[in-house]
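Here's the structure we're looking at; comments come further down.
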Amino acid sequence: MEKTFTFDRPDPCNAFIKICENITYGEGPLSGISVGIKDNISTSGIETTCGSHILQGYIPPYNAHVVTLLRSAGAAIVGKTNMDEFGMGTTTETSSFGPTKNPVDPTRAPGGSSGGSAAAVRSGLVRLALGTDTGGSVRCPASFCGIVGLKPTYGRVSRYGLIAYANSMEQIGPMAANVRDCALLYSVIAGYDPRDGTSVDKPAPAPVSPVIAGKKIGVPAEYFGEGVDPAVAETVTEAIEKLADLGAEIVPCTMPSMKYALAAYYVTSMSEASSNLGRYDGVRYGMAPEMVQPWHEAFSAIRRSGFGEEVRRRILLGSFALSAGYQGKYYAKAQAARQMVRDDFARLFAEVDIIAGPTMPTVAFRLGEAADPLSMYLADILTVPANLAGIPAISVPCGEAHDLPVGLQLMGRHFAEDEILSAALAYEEGSA
Amino acid sequence: MTVIIGLEIHCQLNTATKLFCGCSTDYRDDGPNTHVCPVCLGLPGSLPVTNRQAVIYALKVAKALHCEVPEVSEFARKNYFYPDLAKAYQITQYDKPLALGGYVDIEGEDGREKRVELTRIHMEEDPGRLVHMGSGDRGRYTLVDYNRSGIPLIEIVTEPQLSSPKEARRFLNKLRATLEYLGIYDSEREGSLRVDANISIKGYERVEVKNITSYKGVEKALTFEITRQKGMIRRNAQIVRETRHYQEARGVTTSARSKELEHDYRYFPEPDLALMRVSSWVDEIALPELPDARRDRFMKQYGVSLNHARTLTGDLGLAEFFEEIVGDSPEIAAPWTADILLGELNYRDMPVSKVPVQEYRELLDEAGSGRITDTSAVEILRLILNQVMEGSDPEKPGAIISRLGLAKESGESFREIVATVLADNDAAVSDHRAGKNGAINFLVGQVMKATRGKADPKEIREIIDDLLKE
């Protein structure tokens with residue numbers, strides 16, 4: 001039996017690009033629970049724009065795998081949440097539909113790129129939301145808005161229907177106000193999907209319970225180094241001490257590959273993006289070109305006017321990094337650096353169960369503060385290693401700095417989501 | 001001037017579904033954009049999943065052509081913009097192809113067996129198709145049909161080891177036959193085999209000729225291009241390294257504006273697909289009897305000559321047809337099928353599958369029994385084939401023989417006609433008497449004409465000699 005869900009709340013933070021009418025839901029573990037879906041996840045019959053003018057008017061004829069799972073779990077899909085255009089940003093300010101404001105402090109950005117999902121959860125518009133995390137896009141806004149966000153292991157959640165930014169690194173991840181809700185949403189979306197060639201067939205997630213005692217937690221020095229706000233570092237250090245109080249063993253360690261991680265991430269993601277975004281040419285969907293034009297001129301015109309500045313920048317840089325004569329210098333080197341990051345994690349996880357540090361080096365930016373792209377890219381330094389290596393990582397609120405939320409990041413071994421969720425739960429509930 | 005030719009052959013695999021989605025490949029009789037889904041339309045968020053059957057078919061080809069299948073192969077993206085390319089990249093293979101090396105043995109220019117080595121075989125998806133509408137040079141507007149988008153292809157690349165258009169044709173015939181024998185390719189489907197050729201004269205730049213959409217066009221395109229290049233060398237003009245298009249209707253190659261094709265494809269590994277580790281599948285793939293083996297068997301089993309065996313096994317349909325009709329008279333069936341029937345079919349552009357087996361078999365029996373002359377038999381064959389072409393039921397050879405009175409009559413009944421021919425052709429008779437070769441053939445021919453082919457030339461010759469002796 002389908003039931004109707006009524007949603008009539010105002011959205012002062014601009015968390016949603018689209019709020020659905022005639023919301024229905026069915027039976028299941030999420031029956032009647034309101035869920036927001038990031039606008040780069042395909043929803044059959046509901047406009048899906050990726051926060052970009054170029055996709056305005058595009059109504060997918062099919063559901064992403066996760067949306068099918070949510071529907072059959074009984075979720076009430078409330079709407080599509082705001083995001084940086086195609087996920088390219090750390091503030092949700094590059095959206096073609098205006099920035100989202102941070103519900104904690106409306107003069108601040110919510111982080112990004114899943115800023116709409118984080119703001120919707122934080123302001124109580126929905127109980128759960130889906131974000132996507134290519135280089136930290138679930139964890140950053142979770143940290144800045146003071147909620148929980150999980151980036152699953154690469155291959156754990158089907159990407160079928162997720163509109164690609166950087167395929168080799170991104171995952172759809174659950175966002176919620178607390179760890180138990182986050183784990184609930186995770187348990188619904190995790191699982192094998194034969195339509196995603198990179199999906200991995202693993203047993204269903206186990207129910208979480210607070211477990212931290214006896215676990216070895218590695219704390220890399222690099223996560224507290226240059227560029228990390230000392231107030232943030234202090235808050236996170238206290239959180240890690242609390243984990244020790246709960247019975248965890250803290251193991252100081254180092255991750256030398258960190259110095260290459262950001263470059264490896266940006267070269268890889270921009271290269272993949274330059275290819276993924278080639279299809280937006282106005283022929284099949286989205287903005288339509290002027291009729292009488294040679295095709296290449298029509299393509300150029302559409303892409304020039306349809307994409308925002310940051311997207312165009314990344315397409316150009318990515319095309320350059322892949323081009324003949326430069327590929328060896330950039331794309332190939334980035335892959336070598338990526339392997340170093342994987343090797344570092346493999347070495348560390350031979351000794352520890354979890355790696356902990358801050359999610360973001362700072363608290364939420366002021367709206368408009370991050371005008372310089374390079375300083376924006378630098379903010380991703382602590383989140384991108386997990387994407388490069390494909391390991392799961394969670395951000396859980398751990399107090400404040402400058403009166404703004406700070407997130408504790410816990411990273412685990414491949415497919416050890418249960419372990420980091422359990423540790424996060426132990427932290428959140430203060431028991432183990 | 002030594003000619004050097006290398007070929008790149010694109011072959012559509014006849015799997016039931018496309019390379020990366022479940023859409024049916026059987027679209028040729030259906031309307032545009034009816035065999036499409038989010039994947040082959042390149043809709044945002046769709047993901048490719050590799051068709052196992054397509055990989056097995058490609059491996060079959062690799063095994064049949066003696067290639068090495070590396071432990072790991074990888075799909076890559078070839079990025080370029082074109083309206084028929086739904087994702088703005090083609091999923092293909094770049095530096096880790098499915099198969100390396102391999103060879104095809106053909107009959108070389110000198111008549112001896114020649115081994116043509118292969119560089120590689122890789123898999124890729126076909127793009128969609130543009131349909132230019134309205135009048136004007138390229139039409140007033142263009143529509144896109146994505147039915148073809150995602151059809152599995154293999155690209156077979158040869159080393160530059162072919163030395164003439166004739167060798168190139170022989171290579172393609174042999175390759176096509178092999179692909180047909182493997183059952184992975186449907187030669188009847190339009191555009192199922194497409195060829196690009198690299199052509200150079202030794203010591204000069206090479207030119208790539210694209211767009212040869214029928215394998216029959218290859219010999220013509222190559223011949224034109226070689227003539228063009230040799231002409232330039234003779235005039236001391238410089239041959240530039242370029243891509244040229246073959247214009248099938250005009251039989252010429254024209255320079256593609258170089259700018260249009262100066263692509264930087266920005267290849268990189270396809271992140272949506274895992275590495276392929278399929279080398280171990282090769283052992284489990286069973287190959288059918290291939291053209292060379294069948295050719296050798298025909299020679300051994302039926303005592304057929306090398307040339308006839310080569311011809312009869314050069315096409316799967318023809319080989320099967322031959323085995324169906326051969327009976328216990330291969331000495332008649334082989335030359336009749338390889339020399340006469342094939343010629344008549346080519347003349348009519350008629351596939352061997354249309355030949356009525358029963359009637360053809362009967363005709364061979366009649367010819368073998370000596371009841372009709374070869375000339376009459378050919379006449380009957382033509383009649384039958386024409387009847388099939390017109391869509392009517394073919395007549396029985398026996399019925400045609402009685403209807404047209406083609407039964408061979410004994411030579412004696414022609415003695416009078418021979419005498420008349422001799423009387424009317426004094427000059428030829430004197431020539432023959434003077435020992436001039438050929439005169440006798442002329443006389444026999446005249447008699448054959450007068451008897452409408454019912455006479456046996458050998459008998460006629462004897463009667464002529466007999467009469468002239470008198």
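Just so it is clear, glycine is given a Cβ too, placed from its N, Cα and C backbone atoms.
Nobody curates TrEMBL annotations by hand; they come from automatic prediction.
Per TrEMBL, active site, charge relay system is recorded for A:K38 (among others). Every protein chain shown contributes to the tally, and the Cβ of A:K38 (active site, charge relay system) ends up with 32 other Cβ atoms within 10 Å.
The Cβ of A:S113 (active site, charge relay system) lies under 8 Å from the Cβ of A:G51, A:M83, A:D84, A:G87, A:M88, A:G89, A:T90, A:T92, A:T94, A:T132, A:T134, A:S137, A:P141, each of these being in the same chain and 6 or more residues away along the sequence. If you look up TrEMBL, you'll see A:S113 (among others) marked as active site, charge relay system.
The number of other Cβ atoms within 10 Å of the Cβ belonging to A:S137 (active site, acyl-ester intermediate), over all protein chains shown, comes to 36. A:S137 (active site, acyl-ester intermediate) falls outside any helix or strand according to DSSP and counts as coil. What TrEMBL records for A:S137 is active site, acyl-ester intermediate.
Summarising the annotation, TrEMBL assigns compositional bias 'Polar residues' to A:89-99.
Annotation comment: TrEMBL describes A:25-421 as domain 'Amidase'.
Listed by sequence, the residues of this chain that lie at least six past the ends of the region 'Disordered' (A:89-118) yet keep a Cβ under 8 A from its Cβ atoms are 12-17, 36-39, 49, 51-53, 56, 81-83, 129-134, 136-138, 140-147, 149, 175, 308-311, 360, 364-370, 376-377, 379-380, 404-405. Annotation comment: TrEMBL describes A:89-118 as region 'Disordered'.
Taking H, G and I as helix, E and B as strand and the rest as coil, DSSP gives the region 'Disordered' (A:89-118) the counts 4 helix, 3 strand, 23 coil.
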